[in-house]
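Visitor: Here it is, the structure in full.
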Amino acid sequence: MSITWILPVSLVLIVVLIRRKIPIGLSILAGGFLMWATLGGTFLNLWEAVLATVEKPRTYDLLFALYFVMCLEIQLRRSGTLQGMVAALNRIFHSTKVTIASMPAFLGLLPSMGGARFSAPIVEQACKGHEVPAESKAAINFWFRHIFEFCNPIIPGMLLACGIVGIHISDLAVHLFWLTVFAYAAGWFILVRPLKIHEPERTPMSSEDRRKYALDITLAFLPIFANIFLMIAFGLPAAVSMGIVVAGMVPVLMIFHRKVDVGEIVKGAFDWRLLLNIVAIFYFIEILTASGIIDQITAMFRAMPFPVPVILTMTSFVIGILTGLSQGHVAMVMPIVAALAPGDLILTGAVLVFGVAGQMITPTHVCLTITVDYFKSDFLKTLIPIVILEVILLTVFTAWTLVSTGYFA
């Protein structure tokens, strides 16, 4: 059968299964198996996908990084640090709305897959006492956490894209920075501004409150900065750096007389359903790769009678949907960009933006899975405003690119 028909059918199957409350990992695998069975896949491909999933370091890096992120979240929440930080930021920003939009964005600077699990409790804590639907909290956490995908120079997808195409990462970051500002503004007007949040009257802070808030902010931000430093300065994988940070925070919290129960942290951070979903997503990606299905999708778009930029951006968009990973669409499409237009900043930016858009509207995106799981929100109700935002963002970006460069013409 043709990939032209099977691809949309598989995506519809995934959405239908998720709508019927089937676990996201199993739903995605069902779509993958449908493509495998109808597009010439073999049982050897399934075994090769198993081996690739088991052998690739990224599987364990993500699983352990995610586990340690949950450990850190428990540390900060049970010690009262998280609640204190939110209270302090509310005082600083003088607005709960600014807090729930800015904190996921700030924590999004940390290039950790699954890191939305860390910002989610902050959004939850800030929304306590206000009537904010679970779907709104989930969408806010997911959207604002990813607004720096276009200009953060330590995000693996950006580093890989620039290395393949042969452009300096600072050039790409500067070129796309305006899109991050636009994403924040659009998210604010669509997700945050409509919320009915009553701000309590604020009383002047005492010197004791100032000291406590300063300590809470320091303890909350210290592990974030420490993790970034370890990854940049020593090139450590996310799992290793997060493990070091979590271990180091135990004595730090004890020094400041914050309650820390190591056994409770280790046990409480193990969420086997969530971890199983992550493994299923990676296995799905490897099935598509081993079966050559991603290559078929790329070939399908290249055979279409459209301008090259349109073909490449659409290919990146679809692969972003299928993989949910920036490395996925970057690894598949950027080599074509490098072959057709090496060093082309405009085309590289366009392909990256469309790939990110694809990964933002798919259940294969780990952060979306984590966010929906944390807030217990309805998947489709959470996703609808994200899709609307991506349509707006891509429309504005395409119009700007077309007017300023003539691409897509």
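From the backbone N, Cα and C atoms, a Cβ is placed for every residue, glycine too.
If you look up TrEMBL, you'll see 6-22, 29-47, 59-76, 150-169, 175-192, 213-232, 238-256, 274-294, 306-325, 337-362, 382-403 marked as transmembrane segment.
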Visitor: Count, for each of 29-47, 150-169, 274-294, the Cβ pairs lying under 8 Å from the transmembrane segment (337-362), and report the range with the highest count.
Guide: 150-169
Visitor: For the transmembrane segment (6-22), name the stretch out of 29-47, 238-256, 382-403 with the most CB-CB pairs under 8 Å.
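Guide: Top-ranked stretch among 29-47, 238-256, 382-403: 29-47.
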Visitor: With pairs 6 or more apart in sequence, are the transmembrane segment (29-47) and the transmembrane segment (274-294) linked by at least 3 Cβ pairs under 8 Å?
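Guide: Between the transmembrane segment (29-47) and the transmembrane segment (274-294), contact is present.
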Visitor: Should anything in the same chain at least six residues away from the transmembrane segment (274-294) have a Cβ under 8 Å from its Cβ atoms, list it; otherwise answer none.
Guide: 3, 23-26, 28-29, 31-33, 35-36, 39-42, 45-46, 48-50, 52-53, 56, 58-59, 62-63, 66-67, 114, 319, 322-325, 328, 332, 364, 366, 369-370, 373
Visitor: I'd like to know if the transmembrane segment (59-76) touches the transmembrane segment (238-256) in this structure, counting it as a touch only when three or more C-beta pairs sit under 8 Å and are separated by 6 or more positions.
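Guide: Taking Cβ pairs at least 6 residues apart, the transmembrane segment (59-76) and the transmembrane segment (238-256) are in contact, with 3 or more under 8 Å.
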